[in-house]
Amino acid sequence: MSMRTEYCGLVTEHLLGQTVSLCGWVQRRRDHGGVIFIDLRDREGLVQVVCDPDRGEMFATAEGVRNEFCVQIKGLVRNRPEGTVNAGLKSGKIEVLCHELIVLNASVTPPFQLDDDNLSETTRLTHRVLDLRRPQMQHNLRLRYRVAIEARKYLDEQGFIDIETPMLTKSTPEGARDYLVPSRVNAGQFFALPQSPQLFKQLLMVANFDRYYQITKCFRDEDLRADRQPEFTQIDCETSFLGEQEIRDLFEDMIRHIFKTTIDVELDAKFPVMPYSEAMARFGSDKPDLRVKLEFTELTDAMKDVDFKVFSTPANAKDGRVAALRVPKGGELSRGDIDGYTEFVRIYGAKGLAWIKVNEKAKGRDGLQSPIVKNLHDASIAAILERTGAEDGDIIFFAADRAKVVNDSLGALRLKIGHSEFGKANGLVEAGWKPLWVVDFPMFEYDDEDARYVAAHHPFTSPKDEHLEYLETDPGRCLAKAYDMVLNGWEIGGGSVRIHREEVQSKVFRALKIGAEEAQAKFGFLLDALQYGAPPHGGIAFGLDRIVTMMAGADSIRDVIAFPKTQRAQDLLTQAPSPVDERQLRELHIRLRQPEQPKA
């Protein structure tokens, strides 16, 4: 008999009366009146093993095993006694009567119980090998595998070719910082780890591969959040001779396919499409969570002439905004709740949080409860009530500041209230999945510090055809052929139609204040390639880590990556990054400059 004939979790009634050989880890050992029970675990689940004292040598071995010992057992599959069936296990109707038990490897006492749900992330990541034995982590990584497999199946059926692109490439410092790799052979020169395969996949389109994809690692040296890692995985795709709508349709179908085949979820037959400007106006975000049934109300124009400077000053400022968020039944919120929300929005730069409770709308200002009502004239109050559609029992929150502060703070408040216990109890948030496309992004954003425009996505995104003329006259008016797929408030994919004409690409570089010499030094290979009959092309990249995180209901993408980094970009398991030998540095022609120590 081979070392293993079945997986533990797959031993069911179909094997009754048969002798099986199983391998796995001891989840738990119990001694009941001289009979030893072992819960044996492998990647497929648990099976109960019964060790009878009649088999002396085997029983003596069973007395010595402990949690996480790696063992092999041979035994007979039989029904569990009446009243001992475990409906929670696939193998719960049977047990294995042990005939032979071999300890393949003993284990020291684990630093934690695998069924402890209150472990700190530091403990889990330090002992990641043990953490990965936990059923939830096994589930998450197998789900990740299934998502990748289904993506490959779909793309293969659509004629896409899996092509690898370089991991050691040229540094083009636009946007996030590059991870740099020093070259030993070329002293004083550096490779960069790719932030994406963007330029190489465009070159593959010029090279007539027509449809490309790869599931690949990307690297960005940036500050980390719950949904960011220094190295992350993209489902990266590019295609020739398709327009923006066709590209969106193609990859919308892919996401529908993946959700149906992996977690049996039917996403909308057609994803709604929302312009960037509408998303910002209604939700203050370019990745709105449509499950939350709260929206902004625009009040900037109605607050220009009020005596309340908190509102009128931003209302009259060039980059100012005044917006309201009506919360149905929010009159129930206590002053303590409101104070908590006020402190919350300060995180996003807001100076405070104005509010009005609507007690009796029919009484006008006399039916309103708020410290700010006395500062507003009747016309502004009427505009607030009419535009928000407020009813008795509602509360209206206000944000007034620079547009970015208003969008960030009120947008965060919208999500916080919607997903709160109050929001759930009052029907302010829906369950399920709410996908959409956000389109028509600005092509450029103005950087006040550098006094120049920067690319909102990347500098290879095509402007809308009707906006080509603005590249040289008014770049801020340009909209891009860019699109993001958003799901439940997460951007899970983003892409664009690319620039395929050298003269247009050069105009974009000029709009970004990248001169001809600099453009040639950084991107000459792309500009040259575009001159050889480059086809119209575009693509998209999906964040595999984010998609699996959402499907698994995980708190962080670190829960769907086998060996992730912390928020300080450290690997607690291997203790990376770490110092290297001085000899290695000399070979790379590198001398370290130690950071200055703070003065005492």
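Every residue gets a Cβ built from N, Cα and C, even glycine.
Quick look at what Swiss-Prot lists:
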SITE      His32  site 'Important for tRNA non-discrimination'
SITE      Gly83  site 'Important for tRNA non-discrimination'
BINDING   Glu174, Arg220, His457, Arg498  L-aspartate binding site
REGION    198-201  region 'Aspartate'
BINDING   Arg220, Asp221, Glu222, Gln229, Glu491, Gly543, Leu544, Asp545, Arg546  ATP binding site
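Considering only the recorded positions His32, Gly83, His457, Arg498, the residue whose Cα is spatially closest to the Cα of Glu222 (ATP binding site) is His457. Taking only the Cα positions, the spacing between Arg546 (ATP binding site) and His457 (L-aspartate binding site) is 19 angstrom. Counting other C-beta atoms within 10 Å of each candidate's C-beta, the recorded positions His32, Arg220, Arg498, Arg546 are led by Arg498.
Remark: of the recorded positions Gly83, Glu222, His457, Glu491, Leu544, the most isolated position is Gly83 (fewest other Cβ atoms within 10 Å of its Cβ). When the alpha carbons of Arg220 (L-aspartate binding site) and Leu544 (ATP binding site) are compared, the span between them is 16 angstrom.
Counting in whole angstrom, His32 (site 'Important for tRNA non-discrimination') lies 47 from Leu544 (ATP binding site) by their C-alpha atoms.
Note on proximity: of the recorded positions Gly83, His457, Arg498, the one nearest Glu491 (ATP binding site) is His457, by Cα distance. When pLDDT values are averaged over the region 'Aspartate' (198-201), the model yields 97. DSSP gives His457 (L-aspartate binding site) a coil state; it is part of no helix or strand. Comparing C-alpha positions, Gly83 (site 'Important for tRNA non-discrimination') sits nearest to Leu544 among the binding-site residues His457, Arg498, Leu544. DSSP assigns Arg546 (ATP binding site) to a helix in the three-state reduction. Comparing Arg498 (L-aspartate binding site) with Leu544 (ATP binding site), their Cα atoms are 22 Å apart once rounded.
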